[in-house]
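J.: What follows is a single structure, and I will ask about it in a moment.
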Amino acid sequence: MAQILPIRFQEHLQLQNLGINPANIGFSTLTMESDKFICIREKVGEQAQVVIIDMNDPSNPIRRPISADSAIMNPASKVIALKAGKTLQIFNIEMKSKMKAHTMTDDVTFWKWISLNTVALVTDNAVYHWSMEGESQPVKMFDRHSSLAGCQIINYRTDAKQKWLLLTGISAQQNRVVGAMQLYSVDRKVSQPIEGHAASFAQFKMEGNAEESTLFCFAVRGQAGGKLHIIEVGTPPTGNQPFPKKAVDVFFPPEAQNDFPVAMQISEKHDVVFLITKYGYIHLYDLETGTCIYMNRISGETIFVTAPHEATAGIIGVNRKGQVLSVCVEEENIIPYITNVLQNPDLALRMAVRNNLAGAEELFARKFNALFAQGNYSEAAKVAANAPKGILRTPDTIRRFQSVPAQPGQTSPLLQYFGILLDQGQLNKYESLELCRPVLQQGRKQLLEKWLKEDKLECSEELGDLVKSVDPTLALSVYLRANVPNKVIQCFAETGQVQKIVLYAKKVGYTPDWIFLLRNVMRISPDQGQQFAQMLVQDEEPLADITQIVDVFMEYNLIQQCTAFLLDALKNNRPSEGPLQTRLLEMNLMHAPQVADAILGNQMFTHYDRAHIAQLCEKAGLLQRALEHFTDLYDIKRAVVHTHLLNPEWLVNYFGSLSVEDSLECLRAMLSANIRQNLQICVQVASKYHEQLSTQSLIELFESFKSFEGLFYFLGSIVNFSQDPDVHFKYIQAACKTGQIKEVERICRESNCYDPERVKNFLKEAKLTDQLPLIIVCDRFDFVHDLVLYLYRNNLQKYIEIYVQKVNPSRLPVVIGGLLDVDCSEDVIKNLILVVRGQFSTDELVAEVEKRNRLKLLLPWLEARIHEGCEEPATHNALAKIYIDSNNNPERFLRENPYYDSRVVGKYCEKRDPHLACVAYERGQCDLELINVCNENSLFKSLSRYLVRRKDPELWGSVLLESNPYRRPLIDQVVQTALSETQDPEEVSVTVKAFMTADLPNELIELLEKIVLDNSVFSEHRNLQNLLILTAIKADRTRVMEYINRLDNYDAPDIANIAISNELFEEAFAIFRKFDVNTSAVQVLIEHIGNLDRAYEFAERCNEPAVWSQLAKAQLQKGMVKEAIDSYIKADDPSSYMEVVQAANTSGNWEELVKYLQMARKKARESYVETELIFALAKTNRLAELEEFINGPNNAHIQQVGDRCYDEKMYDAAKLLYNNVSNFGRLASTLVHLGEYQAAVDGARKANSTRTWKEVCFACVDGKEFRLAQMCGLHIVVHADELEELINYYQDRGYFEELITMLEAALGLERAHMGMFTELAILYSKFKPQKMREHLELFWSRVNIPKVLRAAEQAHLWAELVFLYDKYEEYDNAIITMMNHPTDAWKEGQFKDIITKVANVELYYRAIQFYLEFKPLLLNDLLMVLSPRLDHTRAVNYFSKVKQLPLVKPYLRSVQNHNNKSVNESLNNLFITEEDYQALRTSIDAYDNFDNISLAQRLEKHELIEFRRIAAYLFKGNNRWKQSVELCKKDSLYKDAMQYASESKDTELAEELLQWFLQEEKRECFGACLFTCYDLLRPDVVLETAWRHNIMDFAMPYFIQVMKEYLTKVDKLDASESLRKEEEQATETQPIVYGQPQLMLTAGPSVAVPPQAPFGYGYTAPPYGQPQPGFGYSM
């Protein structure tokens, strides 16, 4: 038997299953302030999110795009606190509002909700409390203690009153995690540092103390071990005994040496301390004694956050895998566990009493019996009273105390017992009775009242009966508390509180006979009866049948009261109340039509007989109500045409309830009946419902009656909202035909939906008196030309003036164009232009007139506009064109007029007068146009002057292009004329730059010589001299030396450098020498002329250090190392030591390099110099000097030199150097190359570097030193990233056994990880398959199952593959594998266990097919397992198809309880085949879901009589009585025939059976049939039949029974009449007392009595004509 556990462990959910990234499940990103919410910060893509998981609805996490450093949810409500930097904010998520915000001066390193409205904030220096209430800011509580400096804060706790505050942090010290706490007293304002890892506060009430004590619990893992401390903080409350301190050891397993406590919660319900450690262990301690109750590991991952679990008074937490786990006390098991497993009965008793826990019943009973046997009755009473769950508070205990006699002068043990019980709480039922009986006998009723008020007694019916004899009112109170309805109602009646009966009965759910009560009340007072009836039906479920209540009203002909009652009772308008609604309306339509009209108008009812009520309404003259109820179109058309009798607004709304076809028919009928009277209402209906009735249908309707007025008003109501072009056109038509010209204008102007061409043509044809609509259409849709032609030809010129003056003056140009086209008079056109002033485009007007060569027509108008001061360019352009054409002094106009458009006018002049075009273009700076006209007309002088004056580089660039054919004549004019004339330096500068930019050096030289050498004002200009030399360098190098010697005011260094760049080295050397720049001169000789000899001579002549340095550098570059070193020494220049070192390295001149570096070291103690010197010593193999040098003071990079020596395989030197700097990693590598493997391993151990271990390991493998290789490999395999490379290295060289040996040894390492177990499994699958199963069974939870799955599949290890699929919960694949490879993988138990867990139910049917093929004898066992999810119909169909139904008969029998049709029919077929009629009959009786008739028809032809009998039975069950009886008669089943005839309740069938028996001369059967079909046979028919066949003897028992029945009925009627009279007399004198058993008299017994004895009655008394008071009756 499994051991009982004192805890209940539960996994609530997996965060990864909710889409939470595992990387975000950690202390810094996940918070849980309570068991209500979990809050996670995530980053999805580039967006930061906060995920909130409501633990009551975990499947629907809330995601919000929030960027924050931290987020914590309020413990109880959807309020979130967010921290970003130093900014803190609190938001209400449900209200979507910000509640508070604050910016801290210091960073908040930790924060936590410590109550529902307070957040604790921890900074590096202090702790603050921030309340959500009001506008308060964070309040500083205390400064952090120095002992917490540098600690990571992991928790903050307070006691219930927030008088004691605790801050907890951890830090790494001496290879262990040390916990530090700061306990702060708010009252005393002092702190105490404590070493501890986890802590909590608790309120605990000790036995004998009046007040609770505040306890502080904390756990610590120190160097000496773990401890749990429980102490009381502060001064104990007055009268309290102080809590004794507790300090107990906390056990940590040997394999968890680095484990330590991380969380603590205390259960207030059970007074149990829950302690959780980093390695996932849970410890339970008793708070009072400190005893360890239980310890176990609940998680393989660290649980990093916890909170109290309120639902179970336990602890809930989240681990790093995302599991949300909870642990709580298992109340049913903890006491037995403490008693039996811990063997601590004292603790068990203490906890059972303290926390009211079950499980210690035997201990309490034993203790009670022992005390009772000792005579210690007071203690025994305490034990019995305090026993948990009231296990000893039994009648037996009371009897035992009653049996003890009271001692004189002492309280009896029984009263002591009751006294203790009363002090503790409420007495139970038996205790209350036993206590009250003597109290009432003593007349101390006031004690009973006191106990009732204090709720000390458990009330019961027996207690009420006991009290009633003393005080009925007090008894009523007891009955009420005990919930005894019949007695309560009886007491209400006895105390005169009848009005409370209904309220009380509804309250407690008690149901008396309400109709009987109502009749009695109605007889006394109809009004009170109405009120009482309303009380009966005022709830959703009436207390009595409303129909019966109405019958009671109608018995007394109370129409008005009945109406009022029904209106109230039927207000909920339920479908089941339809007949009552009809009855209500019918009675009022007949007696009070106005009341019925009001009822119908209120639309209270919808379930009455509408057709019947409609006819009644029409007869009563309520035509509107009749229409509301009519459904037949003929009835509706008959009524609807009488619109003068109907409310128009109602009628319009009524059409909304009709179908489209009916609505159109009704409208047609209304227009046909009286179009004048009904047109308005028809228009209203059409307007409102045009969308449903379709606008086209309505238009056709009005047009069919030629009602354009109706069409106008209808379309007018919808045209503003319609987008249909036809609607707008029809509306325009209708408006025209009804003379609504203004409306035509409006719609033409505002509508965007009509077809303009169609409307234009219609308006032309309509010949309206007002042409404004046509004008609007043509103006809007650009038919202006057509409009002008139409108006002009129809002599409607005034509308042209109206159009351009009032409608759209901007259209004047088009109108003028049209008038010119129709040869209108110029005077008319001029007048028209003058009338329309400035409201049109002059450009367009000029264009229209100019197109027709009539520009002069505008001259007077244009001059008038200029005279008026018009500055519009278009006006001046037109005037300029006219002046140019007429040669009216145009040049003066073009130079002086500032308003015309130069480009337009210039273009106009180009062909007429190029000079005028130049004037216009120059005035407007139209560069391109001016250039083109000058080029075309050879005006180069004008162009050159314009270009010089213009000073535009881009413009110069465009004319100086090589592709320009006019460039040469233009340049000649620039050189000869334009520049000679100018005195402006800027013009010269721009021109020269333009020539430079255009890359015209020869032309530029020509230009510059004219400026510089011809003694002009610009001769001494430095820039021009520079430019002349530079241009000569580029274009004519023969002149350069001449210019250098002739000119003196140029920039020598720049010119020299440019000469160098153009390979004029001698000229550059001459410039440097002329200006004494020797370093540059020697540089030219070295770098450009390349003559080191001349350079050496020049250096000796100058003898300057800088020159020697230049020469040395050149020599070094030429590979003349020795000469270069000599030159550097002469220059006294060690600055180029790097280049010297590199040159020596390249050439191998190490001896020379040593000399140079020794010289350089004297000058400069550079690290590089000393480093290179060491390397040079190593290269020259001067190891003794090298060792002496590195042991002395130096600045060399010895590590770097060692690496270089290592790279160049100088391992002896490298060994010295690495040893000097203690670089054990590289030293180990060096030793490997020297073949010193053991020393290399020692070096690697000192280096403790993965790379080093790997290198040494690989070397050892190559050297076949596998023992050393394994030592190295054990340090590598613990790093998951390195494992694959190591394995590949071994495998590539074929060392499989050694690799497996190493991995097996590594499994025991503390840092063994999943990759090691996984790779070992893969290796087993390849090389040692026989060991794989054992490995997987031991370590399946630690391998990467998907990876091992692939390996097992590749290795064809099918059994192992199934095992892995099972553990990975891929049950579908496991089943498929077993079925595909049954020889290796199939195991019966495993298959049946896994198949129930598959997700794809289709595998069930594959499994069935598999078993049928391979394991047919086990098929039924499989089907039993599959049956809960199996589609039995499909399964049966399958077995039927393969003809294997008999094989699965046990399965079919087991699932027949589902009453599945296919199963039933298959089993029935099997039973028929097996001829098992008993099983078939049993199946038919138990399971009815099959084709009864088909089976019966099949069985009636069966050769066995029992099956034909079953066929008759089935026909009977399907009410085919005649067929059933006929089948019985055919097979001589007389008893069955009589029984079926009796059950049919068919008199004719019974009488036919009687006749058949007589025909067959079965007289005994005739007598038996009379007995069996007694209720169906008519006595007169039986008498006649018996007399005719002379068998009166066989019929005589029947007649005796009939006579007996009639006589008994008469006697009963006589007795009931007498009884009725007696009760009537008694009722008149007796008040109504309810609650007694009621006698409900009926019209007679209605239960048929079996005829065997005594014979039943078949008579029913006729109903009375009038209801008799005091009787209930049924009809």
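The backbone N, Cα and C atoms fix where each Cβ goes, glycine too.
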J.: For the candidates Ser378, Ser707, Ser1483, Ser1494, I need the one that Swiss-Prot annotates as phosphoserine.
T.: Ser1494
J.: Quick one: which of Ser67, Ser697, Ser942 has phosphoserine in Swiss-Prot?
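T.: Of the listed residues, Swiss-Prot records phosphoserine for Ser67.
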J.: Can you dig through Swiss-Prot and tell me which residue of Thr235, Thr394 is labelled phosphothreonine?
T.: Thr394
J.: For the set Tyr285, Tyr634, Tyr654, Tyr1156, say which residue Swiss-Prot annotates with phosphotyrosine.
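T.: When Swiss-Prot is consulted, phosphotyrosine appears for Tyr634.
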J.: Annotation phosphoserine per Swiss-Prot: which of the candidates Ser1109, Ser1229, Ser1325 has it?
T.: Ser1229
J.: Which residue, chosen from Tyr689, Tyr1137, Tyr1477, is annotated phosphotyrosine in Swiss-Prot?
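T.: My reading of Swiss-Prot gives Tyr1477.
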J.: Annotation N6-acetyllysine in Swiss-Prot: match it to one of Lys1118, Lys1163, Lys1501, Lys1545, please.
T.: Lys1501
J.: Expressed to the nearest Å, what is the distance separating Tyr1206 (phosphotyrosine) and Thr394 (phosphothreonine) at their Cα atoms?
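T.: Taking the Cα atoms only, Tyr1206 (phosphotyrosine) lies 94 Å from Thr394 (phosphothreonine).
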J.: Output the single range from 150-195, 258-301, 302-330, 524-1675 maximising the number of Cβ pairs under 8 Å to the region 'WD40-like repeat 1' (24-67).
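T.: The stretch with the most close Cβ contacts to the region 'WD40-like repeat 1' (24-67) is 302-330.
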J.: Reduced to three states, what secondary structure does DSSP give Tyr184 (phosphotyrosine)?
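T.: Going by the DSSP assignment, Tyr184 (phosphotyrosine) falls within a strand, counted as strand.
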J.: According to DSSP, which of helix, strand or coil covers Tyr1477 (phosphotyrosine)?
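T.: Where Tyr1477 (phosphotyrosine) sits, the three-state DSSP reduction gives helix.
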J.: Which has the fewest other Cβ atoms within 10 Å: Tyr634, Tyr1206, the modified residues listed?
T.: Tyr634
J.: Provide the number of Cβ atoms within 10 Å of the Cβ of Ser1229 (phosphoserine), excluding the reference atom itself.
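T.: Result for Ser1229 (phosphoserine): 24 other Cβ atoms within 10 Å.
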J.: Average pLDDT across the region 'Flexible linker' (480-523)?
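T.: In the predicted model, the region 'Flexible linker' (480-523) has a mean pLDDT of 73.
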J.: Could you tell me which of these modified residues, Tyr184, Tyr899, Tyr1477, Tyr1487, has the fewest other Cβ atoms within 10 Å of its Cβ?
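T.: Comparing Cβ neighbour counts within 10 Å for the modified residues Tyr184, Tyr899, Tyr1477, Tyr1487 gives Tyr899.
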J.: Of Thr394, Ser1494, which of the modified residues has the most Cβ neighbours inside 10 Å?
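T.: Counting every other Cβ within 10 Å of each candidate, the maximum falls on Thr394.
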J.: For the C-alpha pair, I'd like the distance in angstrom between Thr394 (phosphothreonine) and Tyr1487 (phosphotyrosine), rounded off.
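T.: Taking the Cα atoms only, Thr394 (phosphothreonine) lies 49 Å from Tyr1487 (phosphotyrosine).
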J.: Name, in the order they occur in the sequence, the residues of the same chain whose CB lies under 8 A from the CB of Ser1167 (phosphoserine) and which sit 6 or more residues away.
T.: Asn1195, Ala1196, His1197
J.: What is the total of other Cβ atoms whose distance to the Cβ of Ser67 (phosphoserine) is within 10 Å?
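T.: Excluding its own Cβ, Ser67 (phosphoserine) sees 12 Cβ atoms within 10 Å.
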J.: Could you tell me which three-state DSSP class Ser67 (phosphoserine) falls into?
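T.: Its secondary structure by DSSP: coil.
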J.: For the region 'WD40-like repeat 2' (68-107), could you work out the same-chain residues 6 or more beyond its ends whose Cβ comes under 8 Å from its Cβ atoms?
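T.: Here the qualifying positions are 31, 33-34, 36-39, 41, 48, 50, 52, 62, 113, 115-116, 119, 121, 123-126, 130, 132, 135, 137-138, 307.
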